[in-house]
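*Asks:* If you scroll down you'll find the structure; I have some questions about it.
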Amino acid sequence: MCSTKPRILTTWTFTEELADSCLRTEPPGALQSEGTTGGQSLECIIRMASGWFYLSCLVLGSLGSMCILFTVYWMQYWRGGFAWNGSIYMFNWHPVLMVAGMVVFYGGASLVYRLPQSWVGPKLPWKLLHAALHLMAFVLTVVGLVAVFTFHNHGRIANLYTLHSWLGITTVFLFACQWFLGFAVFLLPWASLWLRSLLKPIHVFFGAAILSLSIASVISGINEKLFFISLKNGTRPYSSLPSEAVFANSTGMLVVAFGLLVLYILLASSWKRPEPGILTDRQLLLQLRPGSWPFPVTYMPVASRQPCESW
């Protein structure tokens with residue numbers, strides 16, 4: 001049967017003594033992680049914890065840049081470039097701006113509170129950065145919508161009749177509601193703490209949901225564009241995988257990889273902004289990087305159930 005006896009993890013309260021001991025070459029036994037040998041220093045563990053986080057950020061930045069550059073190259077090399085005159089070249093702005101706004105900038109803005117630097121000090125500057133980056137993403141998105149609607153109206157093409165368009169416009173609508181609600185409740189000072197506590201889980205959920213919908217919209221848009229090119233222009237069929245299709249599919253895979261990494265960082269509890277006065281294991285290690293000075297905080301005990309024993 002399963003044991004319900006809770007296992008209490010170590011409780012740490014930061015003091016000057018602990019701050020000093022955390023930066024020694026040989027840490028005290030109480031601070032040594034399970035499974036580490038006596039020769040492994042806490043400094044090494046700290047570097048590994050912070051290193052993994054910033055390595056993830058580096059990979060994320062590279063993937064985001066590649067998503068935008070690949071989309072630009074696709075539109076420039078295979079679709080003839082860009083213009084702002086109602087022609088097909090005006091449409092080419094649409095995929096570039098939507099990938100940049102709804103995926104890359106939106107994903108980056110969502111991770112502001114995952115930076116260890118945001119865990120200490122006043123929260124207002126990080127709120128402003130979070131809101132500003134999302135606003136930039138929204139502006140790019142609106143310009144991308146203007147490009148596609150103007151092209152459709154100029155060429156007398158129907159609007160909002162495909163699944164891609166329905167999914168995309170729903171995502172943009174949710175994004176607008178999310179931004180204005182976040183601005184009104186979390187940035188302006190009028191909202192009470194209980195209201196913010198009530199709406200915070202909803203805000204976080206829809207943040208991840210909108211990113212997921214954005215990725216789905218981009219993937220369906222790439223697929224739709226390739227089918228339209230194949231059917232309307234009489235080029236090689238999509239099924240024969242011409243070079244443009246291979247490149248566009250690869251761009252879609254980059255977008256998926258970027259989105260999955262953003263969602264992983266968002267959902268990893270050890271990289272979330274800690275509640276006031278409480279740090280998790282990895283948050284503690286990220287704060288104790290070599291050369292840094294830990295701030296006063298209590299490391300709270302956590303009860304966890306024991307794994308099920310065999311019959």
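Glycine is treated like the rest: Cβ placed from N, Cα and C.
Worth saying up front: this structure is predicted, and the values here are computed from it rather than measured.
Under the heading domain 'Cytochrome b561', TrEMBL lists 59-267. Summarising the annotation, TrEMBL assigns transmembrane segment to 52-75, 95-116, 128-151, 163-190, 202-222, 246-267.
So that I understand the layout, could you describe where these features sit and how close they are to other parts?
*Replies:* Within its own chain, the transmembrane segment (128-151) has Cβ neighbours under 8 Å at 84, 86-88, 90-91, 93-98, 100-102, 105-106, 108-109, 112-113, 157, 159, 172, 175-176, 179, 182-183, 187, counting only residues six or more beyond its boundaries.
Taking Cβ pairs closer than 8 Å, the transmembrane segment (202-222) reaches residues 95, 98-99, 102-103, 106-107, 110, 163-164, 167-168, 170-171, 174-175, 178, 181-182, 185-186, 248-249, 251-252, 255-256, 259, 262-263, 266-267 in its own chain, all 6 or more past its ends.
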*Asks:* Give the nonlocal contacts of the transmembrane segment (163-190) in its own chain as ranges (CB under 8 Å, at least six residues past its ends).
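*Replies:* Apart from its flanks, the transmembrane segment (163-190) reaches 98, 102, 106, 127-128, 131, 134-135, 137-138, 141-142, 145, 196, 199-200, 203, 206-207, 209-210, 213-214, 216-217, 220-221, 223-224.
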*Asks:* Which residues of the chain, 6 or more past the ends of the transmembrane segment (52-75), have a CB below 8 A from one of its CBs?
*Replies:* 81-82, 92-93, 95-96, 99-100, 103-104, 107-108, 111, 114, 116, 244, 247-248, 250-251, 254-255, 257-258, 261-262, 264-265, 271, 286
*Asks:* Other than its close neighbours in sequence, what residues sit by the transmembrane segment (95-116), given a CB gap under 8 Å and a spacing of at least six beyond its ends?
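*Replies:* Distant contacts of the transmembrane segment (95-116): 50, 53, 57, 60, 64-65, 67-68, 71-72, 74-75, 82, 126, 129-130, 133-134, 136-141, 143-144, 147, 168, 171-172, 175, 207-208, 210-211, 214-215, 217-218, 221-222, 225, 255, 258-259, 262, 265-266, 271-273, 283, 286-287.
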